[in-house]
């Protein structure tokens, strides 16, 4: 029985449909590393690779070689952007080739013959002038040097000429002003170029209106440095640089819509040079800036997504930007526009505050969460609740299109990152479904109706062979096609760039074996996948289409957009090949609120209402001085809605918002008025926080002004613009417990939360990795870091702890070496460990680790030991000390405190972590049993220690000691130096200037010990690292011009005294700044003792402490900015709403009111380098609803006109001068004359450049007494000499022999040692060694080393003696005897011709005789002089004894002085004051009077009574 024919036809069609597959061909002849470039609206493909240029006109089935590569230069290809269907250029073999007919024919472009092209950089095409091309190449000039050259062609690339802009430059970037056919610039061939030099302030912006024949310079504004430009259809955007010395400098944007007039755009936050990734234009002429705010060049999140950590969107005139982030916590986000779907954006919140993905389909006005659904229950990964099923997309910035709302993306559900899948959306990204269970590369065809995907892992389906999957119904169903090769896919593209075609090329690298991990890059696999015969080539009819409305049919910028797309189930080809995706547009009749934006004077609040933008008004000054009415909203540019809404005007109060208005402020300010150098004004930005601000710290980098702030409520905030804007770190997350910064890696910080998590950032808080800490109680102890490995650190936790007071609770040290991914217990009972090997310069191992270990068996005595390891305790540790009190690492030293039997402390020091030496304390320390000491620092080559000599009833003071260079022996610098209960000492080194130290001493120590008085403090200062001390010289007048009232004008009764380190609320608030060289600010008083804080005034010095000025009555807080170019003060401990500031190094002061209401300013902070123009005020206030704190960011950048010019080639015409620290230009400090750099103009700011690097050492000086300090156990006398401490005998140096059994000899100390900082040369030499002495018991070895044996005696003495006797006899025989003998010796005179000279020998002998005669006469005369001096001395002595001494006026000669100096110091060698013995015979030196300091006299080469200056050169 036959089946009906109609049934056979149906069965045939069904079977054909079921068995249909695309035509897949393996292509041959394609280079393994070739680029595949399809022409638009064409079947022609270019393959450009190592072998050359191949062309295929049949979708790659057959290839023809057109150009062969010789391999001399890199190969590149560029398709003509505006004629992509026919024109392309290829750079090959150092030449440029072009085609005008899809690669069928190629021509060589002609260039000037004097240059050899080596690399193509850019080729740019005009959308309107089709025959004009501009190109940039690297070429060799006549000297064979490679440089960048720019060319222009006016004949469609056949020939090029040099683009001569008439400017010298290092590089140049040129573009056509019109970048597309939709450009709003004039439709012509105008060319915009920017020339670049090594200094951005010399860059030029140039415009040509005649195809590059001539250029004119465009003016952006006066004193504006810029380094880049961006083009959109409506705007030319210039990126200007505020600081030309900083690679990560802040930038401003200047915008022009006509390439003539430029206006500065308002930015809501600071931007850096590295922040801007790209600028695109959205509907309504709005610009969108994607930002990558990180020090890393390609920061990625856990999914591999590049982090656009924020976005900025402008209003429709391009001049006012607002943040595009939508997170309630302002978390870091990735924001990506879907460019072929107008108004559609996808946003991913990244990091701790991640809220998943959200989407906007109305140009960013509203946002909604991406919705995932599992229709048909196909996904093996399930969610308990579909509402909690978060879709995480993998690469949201890559969309294959264009399509009519059909999107394909990779991603995963919730946290299942390892289970990547392929997802499909058919409504423009609002709703998503799983397409494939595995990740793959993909492409769309027929405008999204056909989808091709290839698994990234060929074995994802348990089959080692590669395959492709394809869908013919927009991703609803999928079919598999098995391929013949095993390979790793690299890319799949639609050969038709507009997405309309049905042919694809799949490329990859083959795998030799199924288990290969690395593909063979020399064996490329290329497939052609052809879908042109799908559905038998049937074209869709009208019934097969549906309407897809963009934005769900809502109006976007006044219009509705509708796509006509194929139905999902239709069995036909929906589009036409080479026909672009089109949409229908319908103008909206009624305008809606979303068609409007806030007027420039307004900004949307949290409820979406336009309110007055006071920050914008203050920053720009764009309003008159009187109140005005302004519409709060305006229609967005290019909006097409017809019937506008009635917009009400709102009052804008502009009082005090535009202080730069010339009507309000005179151009030359009077005293007390603000300076008006710049075009803007000081800006203040407020932020408030619930609770008290308890932590704040800047990252110590110049990349930006990032900081972390935490409150008493456990909330943490991150700012990258010095507190203008904040990110809430733990929004709706666990409270913050502790914050630690890495002292060695300035971009790293660690945040502990109360749930046992550690959040780590290595990019200044832009991104964080979350680490689960080992199970333990957080004790709030600091982390210990490896100084050379940021991934290695030690964490301390409490084990067996129910609470911190639990008796079973003990500290455990955990170490991680992989950045916290894993932790291991370092050592049982280790309570304090440090990576000393990574910080000690002399250590043999960077991994040397010291640990203080608690002995659990001696809990009552709290015994601690010190152990070391170099293998992280994999082997048995080395016990360094059995008992210690503690240890600390300070610079180049590790100092260990070891307990003695009678509660005294012994300190040991090491510089390499292996050899330890007991510190030798001076004999005159006045401390019977040292019970406490403080290590004060070691930055100048010596260790400073404070040993406590008295501590009772919260009163403490002690001796200040300084070590030699290896930290072992100490001398006492000062007694009774003030200390507090916590061990902090009134000791501070002036930052940036070596050897200047301030300290407070207790002047009534005896009364305090007796209990009869309170502390009386006075401040002393040293300018030579502690050798000489003096009280601070006070100013003559106070800030009111009145004299100070002191009992005496002498310095010992009337000096400046300052409150110091022990009284500070924040120990970071130092007198000085390392960038404001020579400047110090302090609170104190003039008198014979330091008064209470509230009775003091505020003082300033700009010359390192030599002279001071009272700048304010009362106590003020202070901060330095811009290297001292800005000084700001705020009342300390009082409610205030203003600050005082100076821009001329304290000569004049101005007040700035930052608020109407008064607050308590608890601190003023800025970046650690003190180089910024912004300051952060930490404020507090008690209000009705509880305690509230805040910050005020005060920005001075608008106050200055320009950046200071630093030009060493033209120093008389820049903004800097060199100055010296000290009273005299000829003054030497530490053996050299130094000059420092400081700006000389108020109108400019310095920026981030380190001025200290330009410090000039003019020359080294000859050594004087000021270059030496007393040696160990020697004490300085009133006359400046160093004498042995009373009660000691010389020769104690022999003790060194006991410590080193191999030593044979030792040397006695001269009593002096050279200051480590001194670089003096020649002159006085006080630290020379004595003659060697034998070590006890080593006399024999000493004699062998320095003694003379019999044979040596014969050679050294007897042989020369025989020679001398023989020579003497010869001279006597040939000279003296022949000429009459000794009888004529007294008659011989130089120049006489009486001597016998018959030959040359006689002449030589007679010359010797004449020299001997002359020498004898000099010796005889010298004997007479000595006899007269002896007689005169006897007479003077007897005259004094008899009371008949009279003034004597003698002409003291150089030699006479030396002789008398020897007499003066004779017999005092043990007191180390024999200065004459240390002087080089041929050295010149000056001896002059010096000012006597209080208690400590400067050294005098003359007696104190004389005032004469004796110069050895006279």
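Each Cβ is built from the backbone N, Cα and C atoms, and glycine gets one as well.
966 is the residue among 966, 1399 that Swiss-Prot describes as N-linked glycosylation site.
The candidates are 54, 494; Swiss-Prot tags 54 with the feature N-linked glycosylation site.
Residue density at residue 1260 (N-linked glycosylation site): 16 other Cβ atoms are found within 10 A of its Cβ, drawing on all protein chains shown. A separation of roughly 32 Å, to the nearest angstrom, links the Cα atoms of residue 342 (N-linked glycosylation site) and residue 416 (N-linked glycosylation site). Cα of residue 416 (N-linked glycosylation site) to Cα of residue 54 (N-linked glycosylation site): a span of 44 Å. With a cut-off of 8 Å between Cβ atoms, the residues of this chain six or more beyond the repeat 'BNR 8' (1099-1109) that come close are 990, 993, 996, 998, 1021, 1023, 1032-1035, 1039, 1056, 1058, 1078-1084, 1124, 1127, 1145-1146, 1221-1223. Regional average pLDDT for the repeat 'BNR 3' (359-368) in the model is 85. Within 10 Å of its Cβ, the residue among the glycosylation sites 54, 416 with the fewest other Cβ atoms is 416. Taking Cβ-Cβ distances under 8 Å and a sequence separation of 6 or more, the neighbours of residue 966 (N-linked glycosylation site) in its chain are 909, 911, 917.
The two recorded residues, residue 54 (N-linked glycosylation site) and residue 746 (N-linked glycosylation site), show a Cα separation of 52 Å.
Neighbour density at the Cβ, taken as the number of other Cβ atoms within 10 Å, is lowest among the glycosylation sites 342, 746 for 746. Secondary structure at residue 416 (N-linked glycosylation site), taken from DSSP and collapsed to helix, strand or coil, is coil. Cα of residue 1260 (N-linked glycosylation site) to Cα of residue 746 (N-linked glycosylation site): a span of 35 Å.
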